[in-house]
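Peer 1: For reference, TrEMBL lists these features for the protein:
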| type | residues | note |
| --- | --- | --- |
| REGION | 1-28 | region 'Disordered' |
| DOMAIN | 26-74 | domain 'Transposase Helix-turn-helix' |
| TRANSMEM | 34-55 | transmembrane segment |
| TRANSMEM | 61-80 | transmembrane segment |
| DOMAIN | 107-271 | domain 'DDE Tnp4' |
Amino acid sequence: MKYWTGSDSTEEKRYQSQGDKPGPSRKLSMSDELIMTLVRFRLALPVYVMAHLFGVSGSRVSSVFTTWMFCLFHIFKGFIIRPSRELIKKFMPSSFLRTFPRTRAIIDCSEMFIQRPRNPSTNARTYSTYKSHNTVKFLVSITPTGAFNFISEVWGGNTSDRHITMHSGFLELVSPGDEIMADCGFTIRDLLTERKAYLTIPPFTRKCKWGKGRYLSVKEIRKTRQIANLRIHVERAIQCLKTFKLISQTIPWNMKSLIHPMVVVAAFFCNLQKPLVKKN
């Protein structure tokens, strides 16, 4: 008994009877911890700077950030929802009504830089030839007004857009008659056709009949411009995500499990802002 407690007595100690815990008291309130989490998330201040600002150790900063980020993720993920077709139609911007009035969602994939993994196979799966860097990749979907309505799990940067779309759970949310707008890199027309939905992508160029080169007709050029003018909103939405600097810089490998929660939390805060696309 003396070895474990430093005392020969087996009587109950005062701090035990009153329910008090020995050791230093909690230095940060819950509100302070939340503020610390949001400041680090938004500004990506180094751990040692956050530790100095809040008067705690660096390990404490990391622990608090991880705990709160998972907590916020589990609260906010239920708010990233797919609105009904009637609700989307009610708030459909005029720019969509004039050209593609049946649009239900605009999708795109985004990549985020990560620290190079030591494992060779993981390094190969995450290396993006497009970015010439190790990345993670995820699918996002927005409504015509620019609100996020789907965020997929993250995949290695070497994963194709089609594979992510097939296995992310997005297709399960597609209803018959939906029109999904995407870039021409999304070769998913057959997947949407199976669900009686439609894919809107820019037309592909055709080989010239009169010689070398490829071309588009005047009608196809006009359609390409119309789609580009509307698809830019998903790029704007992704840029809004990346205003949270912790996910816009190279993410350490030891934070890989936090990437999806951080993206979902950022999407929730982006949805609280004014619509990217006005109705009129």
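Glycine residues also receive a Cβ, built from the backbone N, Cα and C atoms like all the rest.
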Peer 1: What counts of helix, strand and coil residues does DSSP assign across the domain 'Transposase Helix-turn-helix' (26-74)?
Peer 2: 39 helix, 0 strand, 10 coil
Peer 1: Take every residue in the domain 'Transposase Helix-turn-helix' (26-74), average their pLDDT values, and give the whole-number result.
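Peer 2: Over the domain 'Transposase Helix-turn-helix' (26-74), the predicted model scores a mean pLDDT of 94.
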